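Peer 1: Dumping what TrEMBL says about this protein:
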type	residues	note
BINDING	GLY76, SER79	Na(+) binding site
TRANSMEM	35-56	transmembrane segment
TRANSMEM	68-85	transmembrane segment
TRANSMEM	97-122	transmembrane segment
Amino acid sequence: MSAIVAVLVCLCGGLGASARYIFDSYIKAIWHKAFPMSTFVINVVAGLLAGMVAGCYARPAMSDQTHLLLATGLLGGFSTFSTMMNESVSALRAGKIAVFAGCMAASVVAPVAAVALGYLIAA
């Protein structure tokens, strides 16, 4: 990988993180329940987009560099796996067992389904 590609991946990661911040701020402004909806929505959207990128990459519609920029850079910066884990553990530590279980179930199943759907859309 060239230095320019590495820099572009970093820039795309920054764009993804900025988009995540905007989505997170907007959703938190309108959602005031215990379930961390912003993290859930972001991860489902990231999963759908990752599936679409993978679907395009599986056929000759996308170069290696474009795949790297989108999947590793942009979507790597956008998705929030570590935040989801932290919010789940925080709910567990606060004794919110139902919120913890809901976070874990929904935040694993829905993004995986979104990846599969995205792949089907793009492939």
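Glycine residues also receive a Cβ, built from the backbone N, Cα and C atoms like all the rest.
Worth saying up front: this structure is predicted, and the values here are computed from it rather than measured.
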Peer 1: Please list, in sequence order, the residues in the chain of GLY76 (Na(+) binding site) that are at least six apart in sequence and whose C-beta is under 8 Å away from its C-beta.
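Peer 2: Listed in sequence order, they are GLY13, GLY16.
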Peer 1: Name, in the order they occur in the sequence, the residues of the same chain whose CB lies under 8 A from the CB of SER79 (Na(+) binding site) and which sit 6 or more residues away.
Peer 2: GLY16, ARG20, ILE42, ASN43, ALA46, GLY47, ALA50
Peer 1: Need the DSSP three-state call for GLY76 (Na(+) binding site) to compare against my parser.
Peer 2: helix
